[in-house]
Amino acid sequence: MASPSEQYIFGEFSDDEFKQFFVTARCTVELPPYNEHFFPCGPQSSGDFQDGEECPRIEFGIEEVIDHNTTLPNNTDYSISSNLNPQAPEFILTCSSSPKDSNNVLHENNFDAIDCQFSESSIPDGSGNADSDGTSGTGQRERKKKKKRPPGYYSYLEGVGDVPSETLLNGHANSAGLNSISTDDPDLAEDIPISTTSPRTCTSPDNFVDLNNEALSDDASMHNVLDNTRTAGQPEECSVTSSEQSCIPSDNGRESPVRTAVVQPFAGTDTTENLGVTNGQTLESPEEDTASNGVVLHPEVISLSEEAKAEEISTAQAVIHLPGSASANAPAKSWASLFHNSKPSSTPQVAYVETKNTPPVTSLQVTEKQVEIKEGPVPVSEDPVAIKIAELLEEVKLVHKPVSLQPRGLINKGNWCYINATLQALVACPPMYHLMKSIPVYTKAQKPCTSTPMIDSFVRLMNEFTNMPILPKAKQAPGEKVVRDIRPGAPFEPAYIYRLLTVFKSSLSEKGRQEDAEEYLGFILNGLHEEMLALKKLLLPQNDKIHINNGPDPVFATEEVNKEEQEGSDEEWEQVGPRNKSSVTRQADFVQTPITDIFGGHMRSVVYQQSSKESATLQPFFTLQLDIQSEKIRTVQDALESLVARESVQGYTTKTKQEVEICRRVTLEELPPVLVLHLKRFVFEKTGGCQKLIKNIEYPVDLEISKDLLSPGVKSKIFKGQRTYRLFAVVYHHGNSATGGHYTTDVFQIGLNGWLRIDDQTVKVINQYQVVKQTVERTAYLLYYRRVDLL
């Protein structure tokens, strides 16, 4: 069957060459004249052109037909791309098929869906072609034996039919060539986002990315051909002219971010959000795919026509290596050379792309669903929900009831073991868990900026854990410890907790610094305390001010006495102690918050001086610092007794510059609901710097605070149940070095009525004797106790 319109090419072809390179009504090839005569060689369906008569001259480019009176079929099912060597499978043109209709039956019978050439599968028996019985412009030709092709040579022709199939790009579904970016130009390399996502091909027009078109080609039918055949996430089809490459975007009225002809990340990704990454900056953009230099750019159509070159624009040249293509610097090839060499050149083709430098947009486009998030904490006056949280914290009542949570490990992708170990202990603390669960979780739309990043992060952390029902104890014998298996939840990475170190510019985030679990615990508790103080200030009248205490800091005896002698102390009163001895007690301004109600206690430091009244200072604490350096200290009780022992201060002088002897004694004035004991294993020595004390310190599961440790004024007020504690978490330090090591945590699980050992994302059940048993490699560092009367 003849083609719809007659086209002519020049030169003699063999049967196989004619079949392979016969050009359909989509395009024609002009070869040098053969003996200066024109010979029609296309199949004729009419007698419009006679033998030897000149046919209309049609210029043919590598990828396009430059003809204002184009004869291309107005069909959007085909696309043309560069084909320097049609015999090589890697140069097969991109094309897709569509269901047939009555208007396209003629085309479907005569044209193959790949490269739009005649193929054996597309020509029915008895149909006329250039080598059959039908007449052609060059006369009757003798049939020749068909050349043998290697196995699988025509495999790329399989699957072409009515059902849309996966589109081939240069003979392959993988568009690796688009990701092969030359880094010869460092400026370009910085501005080009490189996607590592594996591309997917798709023939559905709904998945294509449409670009604004400002300068379309003169040939409208070319746009119809090129519009629907691009791979999803692939740049526009490119037309190469004079060793330069220009891209023709699809003509669609919808706006979308710019796609340059140099490189384009593929649309198919494994993440839930599309992120445009440029120059190291990541922008969350659910609806916008790409951002350039932090702003969304609108497309500029790139053209290498003479009119576009005449415009006053700044251009940037980019080099793209196209594997499997001929080198751009190679000498020009004649059309006849196509028949002599079917092997692709090993030298990659270098295509130069000219792009316009679009002026930067001053404002970033933000969708309706997106809300601008300010970096870092803001003042409480700018926080839209700060007053709500303040009112909630003012009315909150601490809940000490144990809660059974499904354990979850924490993924450690860095040196975060000291953080993970501390977080697991805090999650196992019932009043801490209930406090954070009482604060609602706000969305970004409800809370676009925050004055409480630490509170927000720990509210989010506690909501990562779900309740697990407490197992019945009916079958449990008295005194028997039942250990059951447990199925932990999926581990997760609390990256929002790690970021707090940089938000508050903590010294723990400094490189090369030893991470310390006790120091991190103080960082967390002090940070939460300060944020709650700032919220509490919102509820007070404007003339009332709160002095924000940065948390309990250690006070040395000499500094303390000097402060006591200064006039205008914060607060002081005179007390009459035993034997009618009076003492002056001073206390710094201290405002309670829910954090201090859980972890906060008070110590009384009394200074004794000859011929002077006793002076006492109350100072708060979150953790009790226990010195274990002495050889006499083998248990926690020994360390507590050493804490309250009287010590002498040498070298103290009065205002008269007379050296006097003074003594100091520390006692416990107020015991917190949650008592954290810090075993000070890291000490500084004059010869060896910081060293770790590797010694076993025995600690009981049930700890009783002796009355001798209490201040004289509270001994009779605190009952035994209020000074008895039970262990619920232990943080261990692994290793013998003070400048390295690892941290793990054992926590008591009320649902199991037993203990769990958590090492980052590993969770396993252990027995109680394994908790109190220490080894040389693993030593207890932080002990978490709860008051028995609150259990």
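These residue numbers are counts, starting from 1, taken along the chain as shown.
Cβ atoms are placed via backbone N, Cα and C, with glycine included.
Residues or ranges marked as active site, nucleophile in Swiss-Prot (evidence: sequence analysis): Cys417. According to Swiss-Prot, the feature active site, proton acceptor maps to His742, an assignment based on sequence analysis. The feature compositional bias 'Polar residues' is assigned by Swiss-Prot to 118-139, 270-284. Taken from Swiss-Prot, the feature domain 'USP' applies to 408-788. Look at Swiss-Prot and you will find 118-156, 270-291, 560-580 tagged as region 'Disordered'.
Rounded to the nearest whole angstrom, the C-alpha distance between the residue listed as 'active site, nucleophile' and His742 (active site, proton acceptor) is 6. In the three-state DSSP scheme, Cys417 (active site, nucleophile) falls into the helix class. Each residue in the domain 'USP' (408-788) has a pLDDT score, and their mean in this model is 82.
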